[in-house]
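J.: In case it's useful when we look at the structure, here is the feature table from TrEMBL:
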- A:9-261: domain 'Nucleotidyl transferase' (DOMAIN)
- A:Tyr101, A:Gly166, A:Glu181, A:Lys182, A:Ser192: alpha-D-glucose 1-phosphate binding site (BINDING)
Amino acid sequence: MFRKKEWIAMLLAGGQGSRLYALTRNLAKPAVPFGGKYRIIDFPLSNCVNSGIDTVGVLTQYQPLVLNDYLGNGEPWDLDRSNGGVHVLPPYQKSSGSDWYRGTANAIYQNINFIDRYQPEYVAILSGDHIYKMDYSKMLRVHKEKGADCTIAVLDVPLEEASRFGIMSADEEGTIYDFEEKPKEPKSTLASMGVYIFSWECLRRYLTEDEADPKSSNDFGKNIIPKMLAAGQKMVAYPFDGYWKDVGTIDSLWEANMDLLNPNVPLVLGDADWKIYSRNPVMTPHFVHPGATVQNSMITEGCEVAGVIDFSVLFAGVTVQQGAIVRDSIVMPGAVIEEGAVVEYAIIGENAVIGKGARVGVRPENIIDKDQWGIAVIAEGVHVGAGAVVAAKAMVDQDIAGEEC
Amino acid sequence: MRENATLGIIFSNVHDEQLGVLTEKRTTGSVPFGGRYRLIDFTLSNMVNSGVEDVGIIAKSNYQSLMDHVGNGKDWDLARKRGGLRILPPFGHANSGIYRGRLEALFGAMSFIRHSLSEYVIIADGSLIANMDYEKILAYHEETGADITVVYQKETLNGEIVPDTALLDLDESGRVTGVRLGNQFHGEQNSYLDVCVMKKNLLERLVSDLSSRNLYSFSRDLLQGSVGTLHIQGYEFTGFARKVCSLKSFYASNMELLSQDVRKALFLKERPIYTKVRDEPPARYGLSASASNSFVADGAVIEGRVENSIIFRGVKIGKDAVVKNSIIMQGSTIGEGANLDYVITDKNVLIKDSRILMGFATYPVFIAKGSIV
């Protein structure tokens with residue numbers, strides 16, 4: 001009934017993204033809007049399709065409504081297939097009891113039946129919260145050439161940042177001989193990108209063993225990888241030198257969006273041979289009113305711009321009224337910036353309204369105590385009243401009354 | 001409305017000759033419009049938004065771009081098992097050439113029409129720019145008990161030549177008492193918008209009857225010819241509607257999109273205009289870019305200055321280039337320092353650095369598809 005597949009992908013999309021606070025109140029991190037018309041999950045999903053993977057299991061757990069809705073039948077990514085395609089895999093009740101996904105490895109373990117149906121030789125395990133463009137098929141070729149049991153994509157990071165990642169030590173051949181999850185004193189600068197290719201038969205065995213170990217936290221980085229390494233399985237590091245960014249924090253999410261405006265950053269969204277697909281809103285081209293100023297910005301369809309836009313990313317259907325100023329900011333779908341409002345160094349959530357003359361965020365040069373400075377965040381649907389002031393670094397998840405009220 | 005109670009028929013080739021250069025390699029229906037659309041998107045979306053989910057598009061010639069655009073209809077939600085979208089290319093009779101008129105085209109599509117179980121049929125041109133609720137027209141049709149309901153718009157004509165014009169004379173009850181055909185009229189008139197509704201079996205009867213007498217024009221032979229024998233009722237459409245039937249009306253109706261009122265009348269949240277999805281990234285503006293009073297689609301990269309213009313998907317405008325009062329279609333590139341005023345470039349045109357092209361409001365310069373200037 002199910003045709004055998006050489007490889008399939010499992011996309012871990014259950015993360016809450018708690019460090020994005022207000023932005024992930026009602027949706028999982030992979031569903032957070034990014035880059036004008038995308039959501040974070042578009043990147044790994046498009047990478048899969050562009051790499052020739054036509055079967056993707058998406059593991060969801062935290063606030064899956066938006067994500068489920070967004071993925072739908074997978075048509076925007078060409079993943080509406082009768083054999084394969086995209087499958088949303090939430091935790092489910094079994095005859096032996098029910099369980100949430102306890103860790104990344106446990107999430108895959110609970111879906112062994114799904115994977116087995118396709119009898120794949122290889123399984124790619126991906127995480128749903130990174131921005132990058134990568135050809136997984138090249139990585140698979142290396143996996144096969146080296147006869148590896150597990151291949152881990154690695155990025156050379158600055159030494160001072162290395163302790164935030166899983167750090168690998170590899171010999172000249174790329175064979176990994178040491179792995180440490182978030183080490184205090186990193187021995188190398190090769191950081192795991194959270195992209196793995198496993199030979200399924202081998203992974204299946206380790207998942208089953210790991211599940212039987214009550215002390216394990218059922219996590220790839222903490223348990224599976226160290227166990228495989230200790231048992232002498234062939235582990236290979238696959239170096240990647242393109243753009244890659246973990247958008248797990250407010251600052252990194254803001255930065256990654258701003259990177260799109262920087263011509264020197266090697267993340268091109270428009271190249272025809274590696275498109276990033278997304279579910280398109282049905283909207284008109286954007287309209288720039290007479291008297292508006294738009295510079296060094298990205299503007300998506302459905303926007304109406306009458307104010308000043310500088311170094312900003314406007315998502316679909318955003319309105320910026322006359323006299324309003326948006327600088328160094330991200331304005332998510334459907335938000336309205338009313339007349340004379342000023343938005344600087346801020347992230348404005350979906351459908352939020354910034355009232356007339358309100359001020360959100362502060363430029364770093366206009367603040368004396370630099371510790372008080374940061375990106376201001378307005379959560380989805382929040383209404384900031386006319387004339388209200390939102391400080392730098394503030395995290396607003398409730399309506400703020402305006403002056404006239 | 002009952003499911004598939006109405007069959008939709010769209011003509012995609014009607015103004016091919018009048019549009020000239022624009023339809024050299026495509027049908028009227030697939031002429032690009034408004035930054036990201038094709039003309040047929042409006043009629044096709046109206047069908048879907050009015051609950052018509054069984055639609056045939058009659059094509060005559062050059063319909064490759066049309067097929068490429070509509071595909072299996074999924075972007076309009078018309079990829080269906082029950083009904084859905086069908087392209088109806090010419091049906092080759094031994095003695096038939098290419099259709100001479102809409103009526104003849106309907107005759108060629110007769111087997112498709114007969115096959116449908118729908119009670120009503122709505123027939124519309126794929127070159128009308130309007131957001132029209134056909135459900136209201138159908139309701140009016142049932143209410144008045146008419147045999148045929150034709151949609152018109154009140155217009156003041158100034159004697160300009162508009163090809164393929166049909167004007168309606170109405171009595172107080174809105175019943176059509178006369179149809180005048182021509183291409184040059186004056187004064188306050190009721191212009192037929194090439195949208196009509198009737199029972200499907202009436203259409204079948206009329207088409208086979210008239211065809212057997214070698215008649216081929218829908219407006220002359222079917223409408224004008226039936227005024228005395230059938231109850232033809234006029235339905236006034238009061239929203240925004242433009243027939244695109246010449247290069248001039250093509251330019252003018254594009255430019256009208258720069259008016260907020262027009263955009264509000266055409267692009268309604270609850271009745272969206274669908275089009276083919278192209279997966280372009282958002283539009284990008286460079287450091288020295290400026291834009292004013294312009295409609296800009298995704299995928300555009302703007303480094304220069306844009307004023308009063310329609311910029312399609314994937315257009316690139318170089319540094320210090322100035323584009324004014326122009327329509328730049330998909331994939332065209334305007335080189336650094338180039339200066340364009342009243343210009344229409346078709347798809348994939350390259351205007352090299354520092355070139356200067358100037359037309360005039362009543363006579364815009366047209367650059368053919370794929371040209372290099």
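Note: Cβ is positioned from N, Cα and C throughout, glycine not excepted.
Nobody curates TrEMBL annotations by hand; they come from automatic prediction.
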J.: What is the total of other Cβ atoms whose distance to the Cβ of A:Lys182 (alpha-D-glucose 1-phosphate binding site) is within 10 Å?
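T.: Within a 10 Å radius of the Cβ of A:Lys182 (alpha-D-glucose 1-phosphate binding site) lie 13 other Cβ atoms.
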J.: Per the record, alpha-D-glucose 1-phosphate is bound by A:Tyr101, A:Gly166, A:Glu181, A:Lys182, A:Ser192: how many Å separate the farthest pair of Cα atoms?
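T.: Greatest Cα separation within the listed binding residues comes to 22 Å.
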J.: Are there any residues in the same chain, six or more apart in sequence, whose C-beta is under 8 angstroms from the C-beta of A:Glu181 (alpha-D-glucose 1-phosphate binding site), and if so which?
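T.: In sequence order, the residues whose Cβ lies under 8 Å from that of A:Glu181 (alpha-D-glucose 1-phosphate binding site) (at least 6 apart) are A:Gly166, A:Gly221, A:Lys222, A:Pro226.
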J.: Could you tell me which three-state DSSP class A:Lys182 (alpha-D-glucose 1-phosphate binding site) falls into?
T.: coil
J.: Based on DSSP, name the secondary structure state of A:Tyr101 (alpha-D-glucose 1-phosphate binding site): helix, strand or coil.
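T.: For A:Tyr101 (alpha-D-glucose 1-phosphate binding site) - judged by DSSP and reduced to three states - the answer is coil.
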J.: Using all protein chains in view, find how many other C-beta atoms are within 10 Å of the C-beta of A:Tyr101 (alpha-D-glucose 1-phosphate binding site).
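T.: Result for A:Tyr101 (alpha-D-glucose 1-phosphate binding site): 22 other Cβ atoms within 10 Å.
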J.: Which whole number is the mean pLDDT over the domain 'Nucleotidyl transferase' (A:9-261)?
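T.: It averages 93.
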J.: Please list residues from the chain of A:Ser192 (alpha-D-glucose 1-phosphate binding site) whose Cβ is under 8 angstroms from its Cβ, counting only those at least six apart in sequence.
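T.: In sequence order, A:Ile152, A:Ala153, A:Val154, A:Phe165, A:Gly166, A:Ile167, A:Met168, A:Gly221 meet the Cβ cut-off.
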J.: Tell me the Cβ neighbour count for A:Gly166 (alpha-D-glucose 1-phosphate binding site), meaning other Cβ atoms within 10 Å of its Cβ, over all protein chains shown.
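T.: I count 22 other Cβ atoms within 10 Å of it.
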